[in-house]
Amino acid sequence: MAKKSIVAIVGRPNVGKSSLFNRIIREQKSIVEDIPGVTRDRIYGNAEWLTREFLVIDTGGITLADEIFAKEIKIQAEIAMQEADVIIFALNFKEGLTDQDHMIAKILYKTKKPIILVVNKYDKKGSDNDMFEFMSLGFGNPIMASSTHGIGIGDLLDAVVYQLPKVENTQKDDTPKIAIIGKPNVGKSSLVNSLVGEERMIVSDIAGTTLDSVDTQVQYNNKKYVLIDTAGIRKKGKIYDGIEKYSYLRSLGSISNADIVVLMIDGTQSITDQDTNIGGLAFTEHKPIIIAVNKWDLVKNKEKAILEKEEEIRSYFKYLQYAKIIFISAHDKIRIGKIYDAVDHINEMLKKTIKTSVFNEILNRAQLVNPAPDHNGGRLRIYYGSQVEAYLPTFVMFVNNPHYVHFSYKRFLENQIRLQFGFEGVPITLIFRERK
Ligand code: GDP
Ligand code: GDP
């Protein structure tokens, strides 16, 4: 899978960062039902322009309690410089340049990353002279824009896409890319160390686009795997490491570049919102997932505890029912190899194809046992369906009316498919099409 680039918007409060952000991601309303535990507080979104896909983050959403403005803005700018491939520096035309803008500029001068200047709230076109004041910052010609009126947004996106790192010639490489995610202190860097140390066969460190992200290739049972962003996981002690939203961003960057996600939780503690929020990212990004319950060496009465922990996980991560759960000790290197086994299993599931005749038998039986309920003024009838070619298992079903699909019935169908065919660890996509 191609690496997704990250674009960050920085700027002082009230210049219109979140309005620009919303314009850029064009509020792609989530099609999934509201998922408890998945953060609704949007500071990132997926965007697409001229067929390039990228992630946008609004650093203004990374706020710190009890911090003076100067420190907060400094951290926002640093996070942008650290995480993004391209930075949009937003200014406010109505107010002109302020001391705070100069302060941000001074921080951004330190980066070699492309900076795109956008002067927002330019609601009415004036003359070219309007740009001069802002050019004095030394970031070149600004793009004059109005997020409320939709002016200049296309130019802004053109400039962004122009500056995105070129897509590497995607030589077909099917080495699975694994992201290890989880809140601080669950044991991510211990796991990386154990996975890498397991066989001293580190082939190479692969430098990523951002300075900070280094991937590591490892080998296990003669098979290759890539661990994403190992440098970022190991590096500790940045002032903003403890900021919850920052750890989401960090995770998000890794997740979007991964084929498979390992979500780590601390087995000695109860599950928290921070765990479920990070897990939610893997779900909304449609990634195959393995849940690794770590520090299991510390748990007493393990057999009973496993059952209890599994139950806890299933109830907190309702939307990740398909995830495989593994109990490990990263520190003592216990059952570490199970992670590679699970990755291999997921890879097999991704290649699995279901015969159309068998699939339709399942559909017919499912409808016989449990006919769809009335929903949106009618009752769903599924005529036939089949698996279609896609990276993730995807099934198209031809129906009388897609509006009659209730999400609980969709879930029922998914469960029937999983009961029959497995697909452990991978998300399944069901598409309903009307057959006239
Ligand atoms: P942020 O704090 O930088 O994220 O700024 P917001 O996006 O929250 O916008 C701050 C205020 O400016 C809001 O009241 C917006 O409606 C307003 N605003 C944003 N963009 C424009 C614009 O292009 N023109 C005008 N006139 N107002 C805008
Ligand atoms: P990260 O912040 O998620 O990268 O977590 P670290 O790998 O830095 O681990 C946090 C703390 O938990 C460290 O003190 C580790 O030694 C400890 N730790 C990590 N894995 C295990 C484990 O499997 N068992 C035990 N007992 N401690 C662990």
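A Cβ is built for glycine as well, from the same backbone N, Cα and C atoms used for every other residue.
The domain 'EngA-type G' annotation in TrEMBL covers 5-168, 176-351. For 11-18, 58-62, 120-123, the entry in TrEMBL reads GTP 1 binding site. According to TrEMBL, the feature GTP 2 binding site maps to 182-189, 229-233, 294-297.
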What three-state secondary structure does DSSP assign to Tyr122 (GTP 1 binding site)? coil
Most Cβ neighbours within 10 Å: which of the binding-site residues Gly11, Gly182 is it? Gly11
Neighbourhood of Ile233 (GTP 2 binding site), C-beta criterion under 8 angstroms, separation at least six: Ile180, Lys188, Ser189, Val192
Binding-site residues Gly11, Asn14, Thr59, Ile62 vs Gly182 (GTP 2 binding site), shortest C-alpha separation belongs to Ile62
Asn185, Lys188, Thr230, Trp296: which of these binding-site residues put a Cβ within less than 6 Å of any ligand 2 atom? Asn185, Lys188
With neighbours defined as other CB atoms within 10 A, the best-packed of the binding-site residues Asn14, Asn185, Thr230 is Thr230
Could you round the CA separation between Lys17 (GTP 1 binding site) and Thr230 (GTP 2 binding site) to a whole angstrom and send it over? 31
Of Asn14, Lys17, Gly182, Asn185, Ile233, the binding-site residues with C-beta less than 6 Å from an atom of ligand 1, in sequence order, are Asn14, Lys17
Other than its own, how many Cβ atoms are within 10 Å of the Cβ belonging to Lys188 (GTP 2 binding site)? 24
Which of the three DSSP-derived classes (helix, strand, coil) applies to Thr230 (GTP 2 binding site)? helix
Cβ-Cβ distance under 8 Å to Trp296 (GTP 2 binding site), same chain, at least six residues away: Gly267, Lys302, Phe327, Ile328, Ser329, Ile334, Arg335
